[in-house]
Each structure stands twice: as structure tokens, then as C-alpha cells.
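Working notes, beginning with the structure itself.
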Amino acid sequence: MRGGAMGVLQVLLLASVLEPATLVFLCPGLLRGVYQSEHLFESDHQSGAWCKDPLQASDKIYYMPWTPYRTDTLTEYSSKEDFIAGRPTTTYKLPHRVDGTGFVVYDGALFFNKERTRNIVKFDLRTRIKSGEAIIASANYHDTSPYRWGGKSDIDLAVDENGLWVIYATEQNNGRIVISQLNPYTLRVEGTWDTAYDKRSASNAFMICGILYVIKTVYEDDDSEATGNKIDYIYNTELSKDGYLDIPFPNSYQYIAAVDYNPRDNLLYVWNNYHVVKYTLDFGVLDNRLETSSSGNVLMDTTTTRTTTRPVTFTMTTASTSTSTTMTSSTRSPSTTPAAPRSTTTARQPAALPEVTARSDPSSVLPNIAVEFCSPVTNSSITWPKTRQGFVAKQPCPPGTIGTAVFACQGPEGLWDLQGPDLSNCSSTWVNIINQKIRAGEPAAIISRELSEQTKGHMHAGDITYTVRAMGHLIDLLDVQLRNLTPGGKDSAARSLNKLQKRERSCRYFVQAMVETVNNLLQPQARTAWMELSSGDQLRAATMLLDTVEQGAFVLADNLLKTDVVQENTENIQLEVARMSTDGNLPDLKFPQTGGQGNAIHLSANTLKQHGRNGEIRMAFVLYKHLGSYLSTENASMKFSSETLNTNYSVIVNSPVITAAINKDSNKVYLSDPVIFTVQHIQQSEENFNPNCSFWSYSKRSMTGFWSTQDCRLLGTNRTHTTCSCTHLTNFAVLMAHVDVKRAGPVNGLLLDIITWVGILLSLVCLLVCIFTFCFFRGLQSDRNTIHKNLCISLFIAETLFLTGINRTDQPIACAVFAALLHFFFLSAFTWMFLEGVQLYIMLVEVFESEHSRRRYFYLAGYGIPALIVAVSAAVDYHSYGTDRVCWLRLDTYFIWSFIGPATLIIMLNVIFLGIALYKMFHHTTILKPDSGCLDNIKSWVIGAIALLCLLGLTWAFGLMYVNESTVIMAYLFTIFNSLQGMFIFIFHCVLQKKVRKEYGKCLRTHCYSGKSVESSMGSVKSSSSRGPGRYSSASQVHHPPCMTNSSQLQYEQSRIRRMWNDTVRKQSESSFMAGDINSSATLNRGAMANHLIPNSLLRAHASNNPYNTLLGESAIYNNPTLSMYNAQEPYRETSMGVKLNIAYQIGNPEQCSGYKCHGYSTTEW
């Protein structure tokens, strides 16, 4: 298919949707042939350029012959016939002279290279004034790197389906060609690519579908034609790939000075050695069986129906020297796979020509690889053709929208992008209406109002980017229209005042509509459209929005007739524009003056005076509520605290963006007094921490930037607000580290709730049973059981509070109280757990415990230490009790360490004490010589203590891991362990303890079946304990060692009897008896003891059936006591002495054995 046919067909297909002036061109394919089709006339100038505006439906032709240092006029012709006949419609006197022939006309404006500079000038043909000027950074100019023919052609401009391009060279790229895409409305560089082709070796170049084609031809003064006339090089900007090829290029007159491509008719407009000629182009037929082209369309069939052909070999390689600095494509596909070498054929001459192989670097030729394809599919109401993996397919947008959609074929197996097609270039049809009115030059304020109305409805991704660009165009249009209202020297005073008032009214009306438009763009319902944009497009659109609003604000500030403050407040944006006098006493300035919801910025009077001009100052302040989420934090500079270093976090903008500017250049001027601003946190939760005072540093050329903390510092922060100071004015915000807590889904959430309620209720029942056991079974009363009792009480209260108050976030005060109580009782549980380890340690290292109970000290430590910690924590920061998610301690500050620190310390100390206990138990058996029952009980206690330590420790370890890692598994583990603590305590301290089990058995036998009270089950223990403490018998005063052998226990009992005997006979023979250490010796002379006992009247022989006689007899003959003595059912009394001795007093209180076997029998048998 020849040149214009395909382009016309595409235009006709879109005619029902698009206005003639707002065509969206589809790429015709990859170029494979160029043919000279028409010679218009021979000019008087050897070099020059001519072109058409591709965005205008008219046949206007723009013509500019080039004469060095004198080219400053553009001629317009209404048709081709007038052009050939030399009948110009009008001429335009340009504000600057032109270098080279690389001018273009695009969308009603002329773009050219200003003489002796690297500047591109935009000249509006409607208003006949210069509407913009941009500097192409580092570009060579004025015959430094021209095309081969010279002519100051260093900087060449081109247009294609993708927009406006600049082709030039830089010293950084060693004089090789560089391509930049230029925004035709803002003159900002949107992308730059370095190629590998030397610009001085090129005759000319042009762009089609984002692909650079470099021409190399013969000139009339060349000595040889060996170089040939051909398209010699190609560079694809979308793929950042290049290659050499050999497509013949007509050169009948051997002095090509200009080549311009028009995407509307797919023709080349050429100036060749005085001759004005037109070339047609041949593009490949689309074939879905072949790979996708580098521009996103399917490549042409590599064969033609012509009988006479010339093979042309084309190899696409990855440019080794090319780099893509900024990509403008919104394609979300990954880096594409380089195409394998392929061949194309194209018609050339009637005679067959030999095959010519393209030049290529052997190292850059890619090997042939197996081709995988994505199958045809329909997605987003678009039918996508079969496409090669690693490439993208392009199709018209869905019905009701205009533009081009792209879909990436990814992966080695050929899978379509899982995110779906990229519709970021699809926009609503109202875009055409706005475009048409802008080009028609209608009042900018009225167009801005219509734009605000259009953006109130549903928006597509393309509407976001278009609206932002349209606001920039409207500001340019408003600036032009305001110039027409500038008072002239011949205007009367009244007329001049009327013009100035019209200027102010127009600006006010425009800014009001602009604020409403921005408010619409920041509405929650527009977020879907924002998210359909790629991250790069989001960033550029948001940055351009900041820049455009600031420009519009200063247009109003410059046109206020008197000192005034203009306020425009909406839901998502607040704007204030001020013109103030700096004379006299000037107060400090605060923005916003009203409202702001805690967001404010303060400027000192000294700063205002410092930057005043001619006694006045113009300022603009803007507050954006939701814009920060579209300004990427990827390259943000952050200052990290210690708590951030070992945390998996992301960086978010957690405040509104607040803009402050003075006289349009605030970001370039440093302030003597820093500006102070306070912003409210958007997310006020413990998941966000480490606030950083930042500003958006961006380039006005590329509209890209990053968050920086330079010259900004943190003054103060709390849960809801952060205050900062900076030494310059710009766009400020607060960035924070964010821990992404993964919320459980509906199913997991329901299961976690069920586990929590069922588990904690079961735990509470078990704890209640434990509390009853330890409180009302007097046979279990001891210091250790006191510890168990208070541990259970603390956990019972803590779990009850957890169940009933952890989610009371809707009541801040109640939530804080619940959090403090949970803090206290969980710390108390840890403390009582530690005291059990201390008690076990004491029982093992002391042979005889103290005669005084340690309970008072245990109570003081068990509740006093947690109370002290909670009191100090509340005094330091009581606001950290309770969060917006749960009623617990804040995690985003150091406050959580008021729980983690003490708990960790207790666990470590408990490990130490239990380790010592284990060591003594297993390494000192030769000294203790416990019997098997004693050792078993010791092991049981230690195992229970270790189990409790592990249980509490693991519970909160899982809790902390859940906070840090935010996984559902950790949530389940924490919930299960926290819910079942009571059940584990009941198992280890009640069910597995033989003594407690026997107490339960006694309770069932005596109370449940016979109706007796629990107290009666204790027998003589009750009667003995009810008396006042005796000198020899009080259980609270004298305790057995926790572990004794049979002989040691007997010696202990004998020592007690001996003390009774000593008191009776007034210490007869005391000195001889006390010479030995009866407490530690296992070989006490029992015969000697019997000799002392028998003469004593108190201990003389009793009735024949009295087991006490057996004790005396066995002691005298060195035999072990018999069982009959211990089977006595009633106490024996010597009435004459008035002393009551029951079996408990005779051989020791069973309680003192504490679960061990006395004389070979467990104390639980008493």
C-alpha cells in the first residue's frame, strides 16, 4: 500500500469520532519504500523547507526558503495550487531569525531554531506573537554538528504520530544524533534518547511512529557516489533499539536540504537543490502471523506482489551507546526482547538489482530464537491480535473513547500482561470539544469553566493527563488574551481602567474554574483513573498540576489592581493569592487564614519585607489534600531513626501537599528566617512512623522530580500532626515510613474472632478453676501456691479486659483506660512468673527456709513493679495508650518498649534462675540425695515453670512478629497462644500435680458425696492451723527443706522431739547432745538419742498399741520405723502433762513435705 492511502483510510475510520482538528493518528507500520511522486516547482533558493500542519484539515502550506542570517519570514499558502502559482495568503514576520531548515508547523504554531542559540521558539500563527521558548540542554548549534549539507542545520524539528521531536547532537554523545520528544504546548522535554549515528554523516532525518530514520545521500560536489542514496539507520525510541538498513531514497537533484514527514497524509515534503518535491512512502501490510513491530503494530508481510524487487536486509540491534533517560510511553510491558534478523523486499527499479546486505556490528546481531506468541484475545472491549512475546499491540480505544490502547505480550511463554491493557491514552470525547475551543481562541476563562464541568463526571486515565495539559494551554491562551487588554498609550484613563478591571475579572473567573477542575481531579471517584496511569505518567501529571496551578495563581496575583487576598476553597484544594504592601509594620503571615484543619504555614514579617519588590509582594499558597499519593516516593531521600533500620517498611506521603511561593521564584531563593509549616497526618495510626519533612524537587523541563529533605528539619511531631521548618519555599509534605499490616480477609477475620472468643472463654474457665483451687484448698497453701494464685488472677483479669475492651476504639478515653489496664495486668503476669522462678531457686539452694513467709515481698514485687512502670509510662506519654485500631500501646513510637523491655528482662532473668535450678537439681544429687519422689516433684515444678515461661514468651513473640511481618500465620499463632494460656496453666499446675489431684479427690469424696465441707478434709491440719503459732509446731514458722532423704527427715523429726525434751528437763545433757550437726548428718547416733528420750517422763512408754512406742524402740535398735506407726488414725494425748500431740506434730506437718515423700510416703497420703 502506498504512502497516503493507509493514512487516509485511518482518518476516515476515525472521522465519526474525532473532530478534523484533533485527529489521533494510528501508526501505518514500518517503512520499507520511498518514492518521488510529485515535483511542484523549482525555487529561487537552493535550500529551504515546506510543510503542512498535520492537525489542520485545511490544505494550507507553509513555506520558508533559507538564507544565512536573513531568514525571518514564513509564507502561508491556502492551497497547493496557490503554492505552485506563487499566490501567498499571508506572511509572518518572526521575532527572531532562523537557523537551518528544520522548522515545522504543528497545531497552529510555528516551531524553529533561534539563530545562534540552542533555543526552540514557539510562534503562534493565530495571535502572531511568540508564545514560548525552550532551551535544548547541551545541544550543539550554529554549524557545530549540522547535517552533511551544512546550513546551520544542527537542530532539526520533526513531527509524527506521537507528536513533536527535536533531532540534534551533543558533545556528551560525541557528536552523535540525540532525539528528544518535546511537548508542543509546554515546550518541556518529555524524553531523550542517545543514538549511535554521527550527525555530520547524515544528510537528513525524519520520524515516523516514534522511529528515527536517518538518510545518507550523495551531494553534487561529492567525488564519488559510493555512499549511495538510502535510509541508512533506524532507531526505535519505544524499545531503545537501533540498527542499520538499506532502503533506497530518491535523490534526483543531489542536494537534500529538508525532509519533513506529515502523519496526516503519510508523505515526505522534501527540498532538494532548488526543487520542491513530494515523496510517497510504502509501508508493510499488517500481518498478524508475524511479530509485533517496535512501534507496537504488527509488522508488514516481508514479500510484495511486484515482479521486480530488490532485497533489503534489516537487522535490529540493541544500541550499545544509546540510553533512554526518560520514557514517555505509558506502556507497562517489561523490556522487550530484541527482534531476530529479518529481510524485507521492496520495489526499486525496473531492472533487478543484486542483493545488498545491511551493515551491522557482528557483536550486536542477535541470534535467532524460538518465537512465542500471545493468542488473540478480547479484553476491555478491544480485540487484540496475535502478538509476539516481548512486544506490545496497539489498538483504538474502546467505544466511547478516543486514543490508542496498548497491551503487552510478556513472558517466555507468551502471556498477556496480567494487569490488563494499558488504557492510559484513552480519553473521553469531550476532549475534542475543549481542544477545538482552545484552538479557536475562545476566552480562556469560559473554556476553563467548561473544563471544570466536564471533569465532574466519570473520567478515564487519558482525561487526567489531558486535563492537566489543557490547563497549561489555557494559561498560555489567557496570557495572550490579557495582552490584548493591556492599556495603550492612546487609551483614555477610563478606557485603561476598564481594561485593567476586565483583566482582573478574567483572571478571577479563570482561577475559580481552575480550582474547581483540580478539585474534581482529586476526588475519590477520580482515583481509579489516576491508578490506570503508569507510575511515570502519574508523577508527570501530578507535577505538572503543581506547576500549572502555581502559574495560574500568579497570573491572578499580577493582575490584582490593589492589595487584596483572594481565597478559593473547595473540598480537596484551598488556594490563596495575595498582593500585599511591605511598607510599615507588617505582621507575620499565616496560610490558610481560615479553616485548614490543622494545616498551616507561617512566614515571618522579615521574610516578607526581604522579598518585597517596589514596596509590594505577591504570594500564592495552595493546599492539596490528596495529591501526594500520586507523587512517587521511589527516590525520596529519607532520614531514618533506629526503629526503622530493622523493619520492612515503605515510604508514603502522609500529609497534604502545601505550596508556598513568592514572586514566582521562591524555590530559587533561600529565606533568612525559615518558613514553619504544620500538617495533619492523613493516616493517624501506629503503622506510620519516622516523619520526614520533605519538599518536591522537580525539573520544569521534564516534569519529573523526587522528595528531598535538604534544608528542612523536624521541629516536633505527635500522633496527628508534624511541624517542620525549611529555608526555602516550594511544595512541602511529610513523608513517613509505613508498615503494611495485612488485614485478614473476611474468612480469616471470622476464624480469628471465633478462635479468640472460644479460646479465651475456655482460658477464663480454666483460670477460674485454678484460682478456686489455690484459694480454698488449705492443704495447698504455701508461698509457691500464692504465686500461682496471683499469676492466675492477673491473667484472668487481663484476658477479660482483652476480650471486652481491645476493640473499644470508638471511645478514646475508655480505650486508653483499657490499654493501661492491659499493660498493667500483662506485666503483672510476667512478674509473678518471674517470682515463681525465684521461689524455685530459693527452695533448692536453702536447706531450711526462713521462718518468716516471703508473701508480703512477693505481693510488693508482683503488683508494685508493674504499677510503677505503668505510672511512669503514663506520665511520659499518656496519649500513647490506645490507638485507632486497637486499645493497646502505640507501636510507631518507643512507647511499646515500656512493655517489651520489662517483659524481655523478666524472661531473661527467669531463664537464668531456672537454669540454675536445673543445674543444682542434676549436678548436686550426691549432696541432696533425694529419693525418687522428691526428684520427680522437683522436675514437675521446673517443667511447669519452663512451660509457662515458653508460653508467655512465645505468645508475645508471635504478637511482635505479627506486627512486624503482618502475616496471617502470625495472627493465628498469636491468637491461639494468647487464648489458651489459662488452659495450659490449669494443665501444668493442677492436672499434672499429684497433690492437687488428690485434693480434688478428697473434695469429691468428702464434699460432693458426704456433704462435708472442704475444710474438714484437711483433718487435723485445720485444728492445728487454727491455733496460735506454737513454739515447735507452727507450719508458718518451721518448714522442712524441699528435698530430704528418709534418714534426714527422721533426724529432723527427732531434733524437734529433742528440743521438746530439752525444755522439759531444762536442757539436761544439752552440751553433749548438741556437739554433733544433726541437721546435716545422715548418721545420727540413734541409740544415744533413745537413751535421752526413754527416761523423759513426757516421752515414757504408752499403751501397748501406741505406735509411738515403735518409734522409740526402732530408734534404739537402729531399725527403720514401721508402717504401723504412721497408720494411726487418732492423736494420742498424755493427759498428765496437758500436752496434745497429734500425728501431724509428732512427725511433722504433711504440708511441710510440699509434695515430697516423708519416710517413703507421699504427704498427699495424710
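One-based numbering along the chain as shown.
Keep in mind that glycine also has a Cβ here, set from the backbone N, Cα and C atoms.
Partner cysteine of Cys27, as given in TrEMBL, is Cys209 (from among Cys209, Cys374, disulfide bond). Your range for region 'Disordered', going by TrEMBL and the list 286-311, 1014-1039, is 1014-1039. Annotated range for transmembrane segment in TrEMBL, selecting from 732-750, 789-807: 789-807. With the fewest other C-beta atoms within 10 Å around its C-beta, Cys27 stands out among the disulfide-bonded residues Cys27, Cys209. The secondary structure of Cys27 (disulfide bond), as reduced to three states from DSSP, is coil rather than helix or strand. Summarising model confidence by region, the domain 'GAIN-B' (564-742) averages a pLDDT of 85. By the count of Cβ pairs under 8 Å, the stretch nearest in packing to the transmembrane segment (754-777) among 789-807, 856-876, 896-919, 969-992 is 969-992. Long-range contacts of the transmembrane segment (856-876) within its own chain (CB-CB distance under 8 A, at least 6 residues past either end) are made by residues 783, 786-787, 790, 794, 820, 823-825, 827-828, 831-832, 835, 839, 895, 898, 902. According to its DSSP assignment, Cys209 (disulfide bond) is coil. Distant neighbours of the transmembrane segment (813-835): 787, 790-791, 794-795, 797-798, 801-802, 805-806, 858, 861-863, 865-867, 869-870, 873-874, 878, 881-882, 887-889, 898-899, 902-903, 906-907, 909-910, 913, 945, 948-949, 952; these residues of the same chain sit at least 6 beyond its ends, with a Cβ under 8 Å from one of its Cβ atoms. Nonlocal intrachain contacts for the transmembrane segment (789-807), taken as residues 6+ away from its ends with a CB within less than 8 angstroms of a stretch CB, comprise 756-757, 760-761, 763-764, 767-768, 770-771, 774-775, 814-815, 818, 821-822, 825-826, 828-829, 832-833, 836, 858-859, 862-863, 886-888, 948, 978, 981-982, 985.
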